[in-house]
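Undergrad: According to TrEMBL, the record shows the following:
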type	residues	note
TRANSMEM	47-64	transmembrane segment
TRANSMEM	118-138	transmembrane segment
TRANSMEM	144-161	transmembrane segment
TRANSMEM	166-186	transmembrane segment
TRANSMEM	192-211	transmembrane segment
TRANSMEM	240-261	transmembrane segment
Amino acid sequence: MPTPRHRPSPASATPCAPARRRIPWRCPLQTFSGLWTRLVAVQPGPPFWMTALAAFAALGVVLYPSSWHISRGLITVAHEGGHALVALLTRRKLQGIRLHSDTSGVTLTRGRPTGPGMIFTAAAGYVAPSLLGLGAAWLAAAGYITILLWTVLLLLAGMLLMIRNVFGVVSLVTIGGAVFALYWFATPDIQAIGAQLAVWFLLFGGIRPILELRRKRRQGRAPESDADQLARLTPFPGGFFVYLFLLVSTGALLVGAYLMIPNELLNRLGGI
C-alpha cells in the first residue's frame, strides 16, 4: 500500500508564504504597499474652531517674550536650513552649520564670493521659515499629515549631517525625536492638531525675526546681517531686502491662512 504524501493544510501556511516560487518577493511588496498606503493616506482635517485655536495659540507663542525666547530656535533651524538648501541647489559647497544657544546660527559655504549663487543663498534665510510654513500648510490642508511629518524628518536628518557643534546636534535630535514621537504614538487627530500648530508657528514666527532685523538695522546693531550682505552683492540697499523679506513672509502667511480655512467654510462664505 503506497504511503500517502503529506500536504500542509491551508491553516498551517504562513500568511506571507508565496503561493508560487516564481514571485518570492510578494511579502516585501505587500509590506511596501502597506507603508505607501499609510504614507499617502488622507487624514480628515480638524474642525474650524480647532484651526482657529491653533492659530491663536501659535500667535501667542510668537508674541509673548518668554515663549518666543524658547521657541525662536525652531525658526533659526529653518533659517539656516534655507541657507544650506539653496547653497546646495546653486552648487556652492556647504561646509557646515552651527546652531547656538542664544538662538543664533551660521551656515558656512564655499564658492564664488559674488554672483547669483551667493545672492540666492544669502536671500534664502529669512524667507525660509515662512515658505516652509506655506508648504506645510498645503500638505496639512490636503490631509497629507504623514507625508508632512516624514518630510520634516528627512530634512532634519539631512541637516544633521552638516551640523558642526554639539548644541546643534542636540537641538536637531530633540526636534526630530518629537516629530517622530508625534508620528509613531499619536492618534490621527493629535497628529492633525500638531501639524496645525507647527504650520501657524512657522507662518507667524517667520515674520517676527524680520521685524527684529529692521529694528536692529535702524539702531546700527546688525552690520553683517543677510540684508547688508545682499546690499554689498547687489545695487540695492539693505533696507530694500528687509522689506522684500517682509513682503514674501506676509504673502506666505496670507496664502497659508487661506489654505488652512476648511473648504466648507469657504463655500459658505462664497454663498453669502
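Glycine too: its Cβ is placed from the backbone N, Cα and C atoms.
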Undergrad: For the transmembrane segment (118-138), find every same-chain residue at least 6 residues outside the stretch whose CB is under 8 Å from a CB in it, and list them.
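TA: Counting only partners 6 or more residues beyond its ends, the transmembrane segment (118-138) has Cβ contacts under 8 Å with 75, 78-83, 85-87, 89-90, 92, 107, 109, 111-112, 148, 152, 195, 198-203, 205-207, 209-210, 213, 226-227, 229-230, 233-234, 241, 244-245, 248-249, 252-253, 255-257, 259-260.
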Undergrad: Quickly jot the same-chain residues contacting the transmembrane segment (240-261) by Cβ under 8 Å, restricted to those at least six beyond its ends, or write none.
TA: 48, 51, 55, 123, 126-127, 129-131, 133-134, 137-138, 140-141, 196, 199-200, 203-204, 206-207, 210-211, 213-214, 217, 226-227, 230-231
